[in-house]
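Trainee: As annotated by Swiss-Prot, transmembrane segment applies to 5-25, 63-83, 132-152, 170-190, 253-273, 283-303, 327-347, 356-376, 379-399, 416-436, 484-504, 524-544 (among others).
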Amino acid sequence: MAAQGFLLIASFLLILLVLAKPLGSGLARLIAAVPLPGVAGVERILWRTLGITDHEMNWRQYLLALLTLNLLGLGILFCLLFWQEWLPLNPQRLPGLSRDLALNTAVSFVTNTNWQAYSGESTLSYFSQMAGLTVQNFLSAATGIAVVFALIRAFTRQNVHTLGNAWQDLVRITLWILFPVALIIALFFIQQGVPQNLSAYQPITTLEGAKQLLPMGPVASQEAIKMLGTNGGGFFNANSSHPFENPTALTNLAQMLAIFLIPAALCFAFGEAAGDRRQGRALLWAMSFIFVVCVAVVMWAEVQGNPHLLAAGADSSVNMEGKETRFGVLASSLFAVVTTAASCGAVNAMHDSFTALGGMVPMWLMQIGEVVFGGVGSGLYGMLLFVLLAVFIAGLMIGRTPEYLGKKIDVREMKMTALAILVTPMLVLLGSALAMMTDAGRSAMLNPGPHGFSEVLYAVSSAANNNGSAFAGLSANSPFWNCLLAFCMFVGRFGVIIPVMAIAGSLVSKKVQPASQGTLATHGALFIGLLIGTVLLVGALTFIPALALGPVAEHFSLP
């Protein structure tokens, strides 16, 4: 099984790199504000029609544009969900959502989290899924990419105060990157058997004579952007373990590739935009190393399984609980790491049923800030925060002013970096503590002991880091949990974006300093190791005590 696991990981990464490199070149053109071939005339018509000027924005104007779009989207989505029963395309006549659930869901999809405290097929109409959730899947993904575009321009420009035009960036990202790639993926899903219709649910009679109602809907179109935009919210409650969302091994592979496609392509785009492809490759190597190690650990833990299974008379200790037989333990383990390394949150197996160590790794990947590939845009700007921290630490060790890509890193940048890195750990630890201190928080736990605490810690980690996956043993659809997680999702998203944009505004006005003999090379193996160490050190120091109370204690309770 070790050979199968190695081949699965190697083939996945190889296909990913082949697909990501050309997409990275296209993204680099958008970063440089150069229209893609053949669309310049279309863009001019769009700018005139939409009233978008060529005026570039400083970091405050750029941030204000993004916040305005997202807050407006939040309000519209809340209204769509709350008044769902009065809106069209609701063949099952599903009622509107409660205020707390509508708020939680609206915040969830606007922040690219896609945490779902409801069952899609029994709660949401087709109109809510299409006009509400799918639209936000595009816009939240475009927002993350726009932020990293602004940060990359801050490194590549000098002696200016502008970072581009947010409205032009959002339109270009949506029309020329997200929409065409999502369309290709959706057509592939339809060919593989994923439904795409507006039919009412279909009553059928099973082979045993039982009556069953099969849910229908525009699944393929939402599934495509759900994966490509690292959104993760499923059309159905079972998410990508549902045969209507993920019917075959091919769709399973395509979904994993779609999750990592843009995050990997952005690394290539960063190298091209910086004028040194080695810079992008260094980040890609660092991400890939952590990713491969995590996949290996989860695969090993799930193959070793639970010794209690053998004691109960099972043929094997391999942990197949909560996994689809059409995927198996290795593909399910790979999917779990992919979806939590990126801020996707889609699942093709139940993470709550993983072994203690197998479930701890996805949880830890979220807790370190979703920087191992990460979400579209958010993964790269999160990793660049760790890059700034790493060069600052290196500067302290060698007694030089830290700099990256020729830009000196001063006190202001380090304050904003520290703030951005500390936002999500504070939300996770304080939110988990609050949940464990209150009856409303503890009453949602369906399991006692360390595993029950792990469910709480996983939920808050997922919300604060905008992932959206869950240990399903937590009954989270209550006013307390809906409001707590909505707060964590909102602050975890925009509490990081704001300091990132402030860093971009500070760096873009600085002059690029020529490299000297004392300049730290940020593209070699030494720096890659330093960067990995920084990520691991921050994650370890912050979350080891909490993990020790949950998955670690659960692991050592086994014989």
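Note: Cβ is positioned from N, Cα and C throughout, glycine not excepted.
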Trainee: If you count Cβ pairs under 8 Å, which stretch among 5-25, 356-376, 416-436 touches the transmembrane segment (524-544) the most?
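Mentor: Ranking 5-25, 356-376, 416-436 by Cβ pairs under 8 Å to the transmembrane segment (524-544) puts 356-376 first.
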Trainee: Ranking 5-25, 132-152, 253-273, 356-376 by Cβ pairs under 8 Å to the transmembrane segment (484-504), which is first?
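Mentor: Looking at each of 5-25, 132-152, 253-273, 356-376 in turn, the most contacts to the transmembrane segment (484-504) are made by 132-152.
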Trainee: Other than its close neighbours in sequence, what residues sit by the transmembrane segment (356-376), given a CB gap under 8 Å and a spacing of at least six beyond its ends?
Mentor: 112, 141, 144-145, 228-230, 260, 262-264, 266, 287, 290-291, 294, 297-298, 301-302, 319, 333, 336-337, 339-344, 382-383, 385-386, 421, 424-425, 428, 450-451, 454, 457-458, 461-462, 465-467, 469, 471, 535-536, 538-539, 542-543, 547, 550-552, 554-555, 558
Trainee: Thinking of Cβ pairs under 8 Å, which stretch from 5-25, 63-83, 132-152, 253-273, 283-303 has the most of them with the transmembrane segment (327-347)?
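Mentor: It is 283-303, which has the most Cβ pairs under 8 Å.
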Trainee: Cβ under 8 Å to the transmembrane segment (63-83), counting only same-chain residues 6 or more beyond its ends: which ones?
Mentor: 57, 96-97, 99, 101-103, 105-107, 109-111, 124, 127-128, 131-133, 135-136, 139-140, 143, 146-147, 166-167, 170, 494, 497-498, 501
Trainee: Are there residues at least 6 beyond the ends of the transmembrane segment (5-25) whose Cβ is under 8 Å from a Cβ of it, and what are they?
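Mentor: 177, 181, 253, 256-257, 260-262, 264-269, 271-272, 280, 288, 292, 295-296, 299, 330-331, 334.
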Trainee: What else in the chain is close to the transmembrane segment (253-273), if you only count residues 6 or more beyond its ends and a Cβ gap under 8 Å?
Mentor: 12, 15-17, 19-21, 23-25, 27-28, 31-32, 141, 145, 148, 152-153, 156, 177, 181, 185, 188-189, 223-224, 227-230, 240, 246, 279-281, 283-284, 287, 334-335, 338-339, 342, 344, 346, 348, 373-377, 379-380
